[in-house]
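This report concerns only the one structure given below.
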Amino acid sequence: MKLKLGLPKGSLQEATFALFARAGFSIKVSSRSYQPVIDDDTIDPILLRPQEIPIYLADGVIDAGLTGADWIADSGAQVHEICELRYSKLTNNPIRVVLAVHQDSPVQGPKDLEGKRIATEYVRLTERYLSEHKTQAHVEFSWGACEVKVPSLVDAIVVNTETGNSLRAHNLRIVDTLLTSTTRFVASRQAMEDDWKREKVESLEILLTGAMNAAKLVGLKMNLPMAQKEEILGILPSLKNPTLSPLADADWIAAEVILSEREVRDLIPRLKRAGATGLVEYPLNKVIY
Ligand SMILES: Nc1ncnc2c1ncn2[C@@H]1O[C@H](COP(=O)(O)OP(=O)(O)OP(=O)(O)O)[C@@H](O)[C@H]1O
Ligand SMILES: O=P(O)(O)OC[C@H]1O[C@H](OP(=O)(O)OP(=O)(O)O)[C@H](O)[C@@H]1O
Ligand SMILES: [Mg+2]
């Protein structure tokens, strides 16, 4: 038995392979091949455009896959969402699907699009948005690089943006946000009805979310003098429950805590000043709640 797994080619590919690596799976692909190799005999991976993954899932042609919530929404395909994985191309922030116009455009809101021309890869999302705002406009499908078309070819575009660099580079202004989107791990309904495939999908969910959780966290170990124990434990974030272990020298105790990487840079100097010694910060591979 094998799980046919659709992996997103393009923007999400590198981040997805990196996540699988942290989850314990090595995926390799040669430059012009869309047939990656994974070190798990029970997974049959295939690289697909993220737009197509929801459609192949709905048809039951593949069993599971990773794609953006934007394409799931645009396709309207019936897929079984397993979990959200909050990563994009560059950051762990969601991307936004936005309506944008040139800086100098008079368009201020969706109603101003009446009779205008809009280019987008997200044709169905855009049409739904216009009909919600009872506005009629000409929506044309674009194969990409939409930003360059405004204002010479079209009045507005609907595109995705992560850092905003592409919009800024083309002097574009965001008028409205249609959707915020993160990556999703999704499965076909047929796969979820098969005991073996469902269990395989659920195991992948545990490992992938474990790797996502761990990315933001680190472990911190230290030795505390007994005399300062209460004071130092008071500095550690109150939600965390540090593990305390006795040391051979009864005047000292070891504490270990898992916390967010961002907190650590503030905590380490405070802990040191309060008397903690032997501070060790270490990365984590997986954290399962
Ligand atoms: N910085 C980003 N730019 C574009 N898409 C991103 C980014 N971060 C995450 N994504 C997500 O990745 C998917 C990309 O789909 P898209 O159709 O744009 O293909 P692509 O990866 O851009 O391929 P290509 O580079 O060939 O256009 C979408 O679900 C999108 O939400
Ligand atoms: O807000 P930013 O961080 O700049 O990212 C968003 C840009 O990235 C994507 O382009 P892509 O690389 O997919 O090119 P394409 O338009 O040809 O698909 C997207 O279509 C935007 O243009
Ligand atoms: Mg693209």
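Including glycine, each Cβ sits where the backbone N, Cα and C put it.
What TrEMBL says about this one:
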DOMAIN    49-204  domain 'ATP phosphoribosyltransferase catalytic'
DOMAIN    214-286  domain 'Histidine biosynthesis HisG C-terminal'
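Across the domain 'ATP phosphoribosyltransferase catalytic' (49-204), the model assigns an average pLDDT of 97. DSSP labels the residues of the domain 'Histidine biosynthesis HisG C-terminal' (214-286) in these numbers: 25 helix, 29 strand, 19 coil.
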